[in-house]
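What follows is a short report on a single structure.
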2 protein chains.
Amino acid sequence: MTTNINTTIITIYVDGSCRNNGSDFAQGGWAAVLENGQDQLRISGSEQPTTNNRMELMALIEGLKAIRRENAHVRVFTDSKYVQKGCTEWLEGWKRNGWKRSDGKPVLNVDLWQELDALIQKHTIEFCWVKGHNGHPMNELADRMATAASHGRGVRVRTYAGNTGPVKQRLSGPGNVFTPPVAREKVSA
Amino acid sequence: MTTNINTTIITIYVDGSCRNNGSDFAQGGWAAVLENGQDQLRISGSEQPTTNNRMELMALIEGLKAIRRENAHVRVFTDSKYVQKGCTEWLEGWKRNGWKRSDGKPVLNVDLWQELDALIQKHTIEFCWVKGHNGHPMNELADRMATAASHGRGVRVRTYAGNTGPVKQRLSGPGNVFTPPVAREKVSA
RNA sequence: CGACACCUGUUACU
DNA sequence: AGTAACAGGTGTCG
């Protein structure tokens, strides 16, 4: 079995969270876990005010932005039909009809959808939907990280191939988006 | 500041609901909340099969029928342009041209429009349109009552001036249009 | 074509 | 119990 480093699939698990969703002071968090078969990169961040769906979108946007390689083969796992169907079914129509929904009203979160659209075109991406909270380990991890971020607890993580477990450190402030250089390099290698 | 009881404005918030609108077994509900500045009367009912617009019309018809006073000053709040524009712009034309629409075809729901036309002439009525589901408290109340009625859940409510809250009781059957005598008298007084 | 309303479904966030 | 978002549909009028 030969392994070609250039065709390695990058897997991204994304999730968003939002406490008091719908209120003016809703506190959101997002997280993405990237894997290339060897190493792992974990990033997360928070925002206020926001919505649950904006955080789901942010998780994917930031996850894709963390990929250095050009034209990578990416497999995305999300539990949000809003994100999965948005990317695979609705986006093309929206671009064709001037970002209008089926009821004629403007598509919401259009800023994020347009940013996402640009990122999607840079790679070959498979979008996989997984039911939330179904025990899928990487999805659970992204979920916990997003929830932690929504509480203002950033996560700084480096993992190495063969490591028994990640090294976690609490960060002080909210809004933390820490991408450890070592892990980042490993993913994009 | 003097208050003349005879010039008190009666406010009516109306709303209709219709589950499976457009199907042969559509279940509808309507509701009207009347206020005279002191007391409140809540009425609701259900029908099957029907349409969303018929229920919007029924809500107003039953609301107006609940007014005992002759030649009252009434302010109606509806979220239906069909009802609001129907009453203020289209009705006169329809009566003049033999109930024909602008495309020459007959006006639908003529039975209800004619009943409404007769009721409108008995009072001085202001028609106010409010956007649905915009947090307008009385409109929200009418909306919930109409939805409950479409599910066969009648609401029996009496409210008194200075009462801390309404007294609610579930009624057994569907199609319930209960107008508590005490509240009714207070409204029409 | 436009407008308003009424839903049906799905997922997520709490 | 609620909000955030999307798809599909009908009821009605000008």
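Glycine is treated like the rest: Cβ placed from N, Cα and C.
Unlike curated entries, TrEMBL annotations are predicted automatically.
For B:6-151, the entry in TrEMBL reads domain 'RNase H type-1'. Across the domain 'RNase H type-1' (B:6-151), DSSP assigns 57 helix, 42 strand, 47 coil.
Residues or ranges marked as Mg(2+) 1 binding site in TrEMBL: B:D15, B:E56, B:D79. Of all Cβ atoms in the protein chains displayed, 22 besides its own lie within 10 Å of the Cβ of B:D79 (Mg(2+) 1 binding site).
Counting only same-chain residues six or more apart in sequence, the Cβ atoms lying under 8 angstroms from the Cβ of B:D15 (Mg(2+) 1 binding site) belong to B:W30, B:A31, B:E56, B:A59, B:T78, B:D79, B:G132, B:N139, B:A142, B:D143, B:M145, B:A146. What TrEMBL lists as Mg(2+) 2 binding site is B:D15, B:D143.
According to TrEMBL, the region 'Disordered' annotation covers B:164-189.
Annotated Mg(2+) 1 site B:D15, B:E56, B:D79; additional same-chain residues within 8 Å of its Cβ mean position, judged by their own Cβ, are B:V14, B:G16, B:A59, B:T78, B:S80, B:V83, B:G132, B:N139, B:A142, B:D143, B:A146. Mean pLDDT for the domain 'RNase H type-1' (B:6-151) in the predicted structure: 96.
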